[in-house]
Amino acid sequence: MNEKTTFELEEARLTNKPHNAGIIFTFILNAVLLAGLLFLNYGASSLGITRSGIANSSRLYPIDVSPAGYTFSTWGVIFTLQVLWTLYSIASIFLKTKNGKLYQEPAVFTPSFFMFIFLHYGYLYGWLFVLDSNYLTISFVFLAIPSVCLYLAGAVSHKNIFDAQKKLEDNKVYLWLYRILVNNGIAFYAAWTTLATFLNLAISWTYEWNGKRDVASITSLTLATLLVFVYVFLDVVVFEKYTRFTISPYLQLIWGYTGILVKNWSSKTTSAYLALSYLIAIIILTVIKFIVTFVKQMKPS
């Protein structure tokens with residue numbers, strides 16, 4: 001009887017825990033920064049704030065691994081996922097479980113997570129302007145840094161969501177929303193910015209460092225693919241229990257490499273053949289990812 005009373009008191013304490021004004025402010029600030037990024041991406045050009053959109057550099061500075069124009073529509077999916085998890089973070093202020101307010105217990109949207117998200121915003125805002133001003137090398141750096149920030153934010157979210165599993169056993173919908181919107185949303189985003197970073201490298205190498213276009217294209221695409229192999233090893237071997245349900249990077253990479261192949265296949269360059277071989281490798285790795293996820297999930301714990 002005493003144990004039950006103690007449990008009920010603890011549950012009541014968690015449920016009635018006061019709101020954290022600092023975290024709530026962080027949620028709102030994140031929404032404002034995302035809204036600003038969406039405005040710069042979709043509305044600033046028409047108002048004369050910037051001269052062109054993100055995809056324009058691919059047209060102004062062609063390389064042997066430039067993706068087809070439709071490939072850049074992935075930004076729409078990226079931003080949709082970012083909007084959805086941002087709305088979910090705000091909704092979590094009002095959602096409750098037996099542990100208390102969702103945003104507080106278990107804590108997924110932690111200060112360390114938002115530290116990397118906000119840092120990513122800072123550099124991505126800068127990237128849009130330096131890219132618009134055709135500062136190619138600075139543009140490369142300003143896209144590489146937010147990519148790393150997204151890796152770190154994703155690492156934090158995967159750890160937090162993994163730790164939250166037991167407390168959300170009775171609220172599977174909330175758990176899956178975290179996995180789909182936050183983990184997969186950020187990973188999908190990071191996969192694209194990573195590929196875009198290496199495309200920016202090829203552009204800088206060719207047009208600002210006066211390198212050979214074919215060498216820059218081949219090297220950049222190969223480096224991107226090597227990083228993909230490193231990621232897959234970490235994903236399915238080292239951190240599998242954390243990243244088991246994160247499949248979006250593979251889909252993003254297939255989309256990106258297919259866009260490169262479609263754009264450049266007719267030229268029959270070395271880069272085009274490499275793009276084909278790398279795409280086949282990524283598809284095989286995607287199948288391996290699905291098999292590993294299925295086997296691990298079916299294995300009795």
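Along the chain as shown, the residues are counted starting at 1.
The backbone N, Cα and C atoms fix where each Cβ goes, and this holds for glycine too.
Features reported for this protein in TrEMBL:
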- 21-42: transmembrane segment (TRANSMEM)
- 72-95: transmembrane segment (TRANSMEM)
- 107-129: transmembrane segment (TRANSMEM)
- 135-156: transmembrane segment (TRANSMEM)
- 176-203: transmembrane segment (TRANSMEM)
- 215-238: transmembrane segment (TRANSMEM)
- 272-295: transmembrane segment (TRANSMEM)
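Only pairs six or more apart in sequence are counted, and the transmembrane segment (107-129) with the transmembrane segment (215-238) gives fewer than three Cβ pairs under 8 Å, not enough to call it a contact. At the 8 Å Cβ cutoff, the transmembrane segment (135-156) and the transmembrane segment (176-203) share at least 3 close pairs (sequence separation 6 or more) and count as touching.
Taking Cβ pairs closer than 8 Å, the transmembrane segment (215-238) reaches residues 63-65, 194-195, 198-199, 201-203, 205-206, 246, 249, 253, 260, 269-271, 274-275, 278, 281-282, 285, 288-289, 292 in its own chain, all 6 or more past its ends. Non-local neighbours of the transmembrane segment (72-95) in the same chain are 19, 24, 27-28, 30-31, 34, 37-38, 41, 54-55, 58, 101-103, 109, 174, 177-178, 181-182, 184-186, 188-189, 192, 252, 255-256; each lies 6+ residues outside the stretch with a CB under 8 Å from one of its CB atoms.
Tertiary proximity for the transmembrane segment (272-295) is limited to same-chain residues at least six positions away from its ends with a CB under 8 Å from its CB atoms, namely 64-65, 218, 221-222, 225, 228-229, 232, 235-236, 240, 244-245, 247, 250-251, 253-254, 257-258, 260-261, 264-265.
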